[in-house]
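Peer 1: Please read through the structure below; I'll follow up with questions.
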């Protein structure tokens with residue numbers, strides 16, 4: 001990919017997702033005319049954040065760095081409160097902007113703070129992990145975690161732009177790319193089978209940030225999400241399909257107190273959801289089995305603790321898709337044919353969980369735990 005690719009998200013407030021390399025100039029252009037900018041970044045990205053701050057300062061923009069805790073530790077009310085205090089000190093107004101620089105947790109937190117500061121200020125996301133590029137940064141979902149569950153406090157607040165700089169993937173550990181691949185695989189199953197074919201053809205190429213396959217996977221994933229979000233921004237109907245595999249996945253994350261990467265938990269959730277669809281008579285055997293095969297090809301886990309089922313069912317009760325206390329799952333009626341399964345019999349859940357249950361310590365699928 002030599003020239004940047006632009007994917008337009010056609011919501012009521014359209015915005016571009018720009019995919020390319022060396023996009024600092026694009027960020028500066030997006031912020032031209034802004035007086036004050038707050039750059040939210042995670043600790044490993046301090047040097048990059050300083051480069052962004054300096055580039056903005058050269059254009060006369062008063063830019064400030066706000067370092068936030070890494071991963072899910074940053075999605076906390078106390079951290080959000082600290083960020084609000086900083087925004088107050090630097091005098092950030094409605095005509096100013098927030099920039100997120102980091103993984104999915106950084107985009108979630110920065111988006112939430114931007115949504116709530118003065119009832120909404122502009123935010124631009126610069127995702128630096130695969131998961132954030134293909135999922136968290138696009139679509140306007142923001143949120144923080146509480147003891148009650150993951151992302152239960154949040155808002156819909158669309159970014160004014162998303163800048164996906166592919167060069168950043170060359171600096172992250174391989175297990176970050178592996179973890180993000182869960183969302184890519186999910187997208188393939190719900191909407192774009194070409195994604196699955198590309199991974200099956202050459203799994204190593206799919207994980208190579210210097211090659212041509214991974215950028216295509218990112219582009220395809222972003223295009224799918226852009227179409228879904230444009231049709232259903234606030235997750236009233238269609239957008240729920242993006243949560244395929246997430247019902248069990250979020251419950252695993254909560255049980256592990258977020259020590260598992262999001263992608264690892266979603267991978268197990270995808271195998272569970274596929275089995276649920278199979279047992280409900282809605283998904284064919286070949287497509288159900290293909291889930292485990294592809295996820296294992298890229299090094300993701302497909303099993304979890306056999307003794308955890310009771311706790312996971314309890315955790316799934318807080319899922320945002322539920323209605324009137326009834327569990328609701330996204331399942332497949334075939335490849336790229338997502339649907340819903342409401343109130344499945346408990347015996348069906350038990351049988352589906354047997355497909356991922358593993359005695360003793362769950363497999364990590366290649367160091368995808370934090």
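Each Cβ is built from the backbone N, Cα and C atoms, and glycine gets one as well.
Annotation source Swiss-Prot lists NAD(+) binding site at 70-75, 104-108, 128-129, 141, 150, 168-171, citing sequence analysis. The annotation Zn(2+) binding site is assigned in Swiss-Prot to 183, 246, 262 on the grounds of sequence analysis.
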Peer 1: May I have the list of same-chain residues other than 183, 246, 262 whose Cβ is within 8 Å of the Cβ centroid of the recorded Zn(2+) site, in sequence order?
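Peer 2: Checked against the 8 Å cutoff, the neighbours are 131, 135, 182, 186, 245, 249, 263, 265, 266, 269.
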Peer 1: Whole-number answer please: how many Å between the C-alpha atoms of residue 262 (Zn(2+) binding site) and residue 104 (NAD(+) binding site)?
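Peer 2: Each residue's Cα considered, residue 262 (Zn(2+) binding site) and residue 104 (NAD(+) binding site) end up 9 Å apart.
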Peer 1: Roughly how many Å lie between the Cα atoms of residue 246 (Zn(2+) binding site) and residue 70 (NAD(+) binding site), rounded to a whole value?
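Peer 2: With distance taken Cα to Cα, residue 70 (NAD(+) binding site) is 22 Å from residue 246 (Zn(2+) binding site).
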Peer 1: Rounded to the nearest Å, what's the C-alpha distance separating residue 129 (NAD(+) binding site) and residue 183 (Zn(2+) binding site)? Just drop the number here, would you?
Peer 2: 12
Peer 1: For the binding-site residues 70, 73, 183, which one has its C-beta crowded by the most other C-beta atoms within 10 angstroms?
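Peer 2: Neighbour-count leader: 183.
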Peer 1: Count, for each of the binding-site residues 107, 129, 171, the other C-beta atoms lying within 10 angstroms of its own C-beta, and report the residue with the smallest count.
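Peer 2: Result for the binding-site residues 107, 129, 171: minimum number of other Cβ atoms within 10 Å at 171.
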Peer 1: Which has the fewest other CB atoms in a 10 Å radius around its CB: 104, 168, 246, the listed binding-site residues?
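Peer 2: Looking at the binding-site residues 104, 168, 246, the Cβ with the fewest others within 10 Å is that of 168.
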Peer 1: Rounded to the nearest angstrom, how far is the Cα of residue 183 (Zn(2+) binding site) from the Cα of residue 171 (NAD(+) binding site)?
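Peer 2: Residue 183 (Zn(2+) binding site) has its Cα 20 Å from the Cα of residue 171 (NAD(+) binding site).
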Peer 1: Could you tally the C-beta atoms, other than its own, that fall within 10 angstroms of the C-beta of residue 262 (Zn(2+) binding site)?
Peer 2: 29
